[in-house]
Amino acid sequence: MAPRKKLKGLVAATITPMTPDGKINLPVIRQYVDYLVNEQNVKNVFVNGTTGEGLSLSIQERKQLAEEWMCQGKDKLDHVIIHVGALNLPECQELARHAAAIGADGIAVIAPFFFKPTNKDELVAFLQKVASEAPEVPFYYYHIPPLTGVKVRVEELLDGIKAQIPTFQGVKFSDTDLLDLAQCIHKNETGEFEFLYGVDEQLLGALALGVNGAVGSTYNYLGRQTNLMLQAFAKPDFALAQQYQFLTGEFLNFVIKLGFGVAQTKAVMTSVSGIPMGPPRLPLVAASSEFIVKAKAKLDSIVWPNGD
């Protein structure tokens, strides 16, 4: 593979905009890209993942979204990572080939979670079959055991992974097991792999362990504030970084108690950005008007250290 710019910093887990009748709303992606870059200072995206309802979309819809993000992100975004995971191998492979054909900067794969791999060898065999369909594209494993139930530790997965998957680039680590994450980073002394943390409310702890960046839904609408947290951490000004993390946690703690998921994330993003994200796809149901009012009031009440 040709030399590539290292993926670091914030990566927005993109939302899939939908029309009121539940069809994907491609025309707003251009506005969405400009909003992320200009308003949130976020120039990396992770498309068709959990936040994007990827597993609720058809293969054709996922391809259309990937193409639109690549088209609208050209010369504006640094990295467009396409999630190509699915419940069956042929669909994963088809999506991987498509992502390669449109020039994606990376592909990611979640573990299949109906018939699950039960150990490292089964998981690696599946991932290898997908990665081999895009032999020039950096490959990321999307580790999210709370949703998949696949609990193979990433530390174990990394042993010998390059020999089996030469394009293996790193992990989107969406789990609270910081011991596993720490062991991964400790083993990664040469910096060969990238570790992107996926639990937004615990990002500061992961930064202290040495992650390269983060993939998350809140970076769609709190990207600017989280970037300021990253800057504070790098100075280092740990007290200031803590303030940003505590305030993000205050908001998330509030909305989680109300019931917070992809549908509610779409509502918050619509409220903050003004871009219509629309409803989620069933079986998810739209956020209630009560939630929207309370979440907006809470977010508006937060006074960030930069004076917002």
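Cβ from N, Cα, C; glycine included.
In TrEMBL, annotation is done automatically, which means it is predicted and not curated.
Positions annotated as pyruvate binding site by TrEMBL: THR51, VAL215. Positions annotated as active site, proton donor/acceptor by TrEMBL: TYR142. Annotation source TrEMBL lists active site, schiff-base intermediate with substrate at LYS172.
Taking the Cα atom of each, TYR142 (active site, proton donor/acceptor) and VAL215 (pyruvate binding site) are about 10 angstrom apart.
Neighbours of THR51 (pyruvate binding site), defined as other CB atoms within 10 A of its CB across all chains, total 25.
For the recorded positions given as TYR142, LYS172, VAL215, the lowest number of other CB atoms within 10 Å of the residue's CB is seen at TYR142.
Calculated from their C-alpha atoms, the gap between VAL215 (pyruvate binding site) and LYS172 (active site, schiff-base intermediate with substrate) amounts to 7 Å. Between the alpha carbons (Cα) of LYS172 (active site, schiff-base intermediate with substrate) and THR51 (pyruvate binding site) lies a span of roughly 14 Å.
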